[in-house]
Amino acid sequence: MTIVNVITIDGPTASGKGTVAHKVADAVGFHLLDSGALYRLVALASDRAGVDLADIDSLTRIASRLDVKFGPDRVWLQGEEVSLAIRAEAIGNRASAIAVHQPVRDALTQLQRSFRKLPGLVADGRDMGTVIFPDAQLKVFLTASVEARARRRYKQLIDKGISANIEDLLRDLEARDARDRTRAAAPLRPAEDAKLLDTSDMTVDQAVAQVLEWFAAVRPDA
C-alpha cells in the first residue's frame, strides 16, 4: 500500500503554525491544509447568511456544503476570493465559537482528510494530530507565550492593512485559548506522541529547521 506522508502542526492561535506549516510544505514539496481556514469560511458564510451562532443545524449544513478552493496564499468561497475577509478578527472569533460544535466538526472531517494526497501533506490546525490524522508520521505541537502570540498577530494584521489593538488582541487570545482548551469537541491538546516546540523566542526559520530535522528522522520513504 502506498504511504502518503503526513506532518501535522497543531497549536493555539498565533503560535506560528500556519507560517511554519507553509514553509515546511514548500521545503518537502507536500500539499498544504490550513484547517483553520475551513472554520473561518464557515464563519464568513454563516455571518453573511445571518445565521445565529446557536443555530447548529444551519451551521452544520453550511459546513457540509462548503464550496471552497485553495491556491497559493489565496482562498475562494463560491468562486469569490475571500483571502483577506476570512482573516478579520471578528471572523476568527466567530470561527472559534463555531468550532465548539461537534456536528460542524464532523461535517468538515472528510473534507480535511481528502487533502491527503501524494506526494504528502502538511496539515495545520488544532486537532490535526489528535483527530483528523492520528496516524501521521510526524506530529508537532507549537506553543508560545500569549504575549508573544499577541505581538505576532498584531504584526500580521497591520502588515495586511487591518487595524488592530494589541490589548484587545491579548484579551481575544486568552478567551480563545480558554474556549479551545475546554470545549467538549476535540479540545486543544497535543497528541500523546507529538513533539512539543515552544516558539516564543524562536525565529520562523529556526522552527522550520527543527520540524524538518524531526521529519527526516521518521520519514519512511527517506
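For all residues, glycine too, the Cβ spot is worked out from N, Cα and C.
Now, the feature entries from Swiss-Prot:
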- GLY11, PRO12, THR13, ALA14, SER15, GLY16, LYS17, GLY18, THR19: ATP binding site (BINDING)
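What Swiss-Prot annotates, mapped onto the structure for a quick look.
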{"residue": "GLY11", "record": "ATP binding site", "CB count, 10 Å": "27"}
{"residue": "THR13", "record": "ATP binding site", "CB count, 10 Å": "24"}
{"residue": "SER15", "record": "ATP binding site", "CB count, 10 Å": "27"}
{"residue": "LYS17", "record": "ATP binding site", "CB count, 10 Å": "29"}
{"residue": "THR19", "record": "ATP binding site", "CB count, 10 Å": "17"}
TODO: Note the Cβ centroid of GLY11, PRO12, THR13, ALA14, SER15, GLY16, LYS17, GLY18, THR19, the recorded ATP site, then list each other residue of that chain whose Cβ lies within 8 Å of it, in sequence.
DONE: VAL20, ASP124, LEU142, ALA144, ARG149, ARG152
TODO: Can you see whether DSSP assigns SER15 (ATP binding site) to helix, strand or coil?
DONE: coil
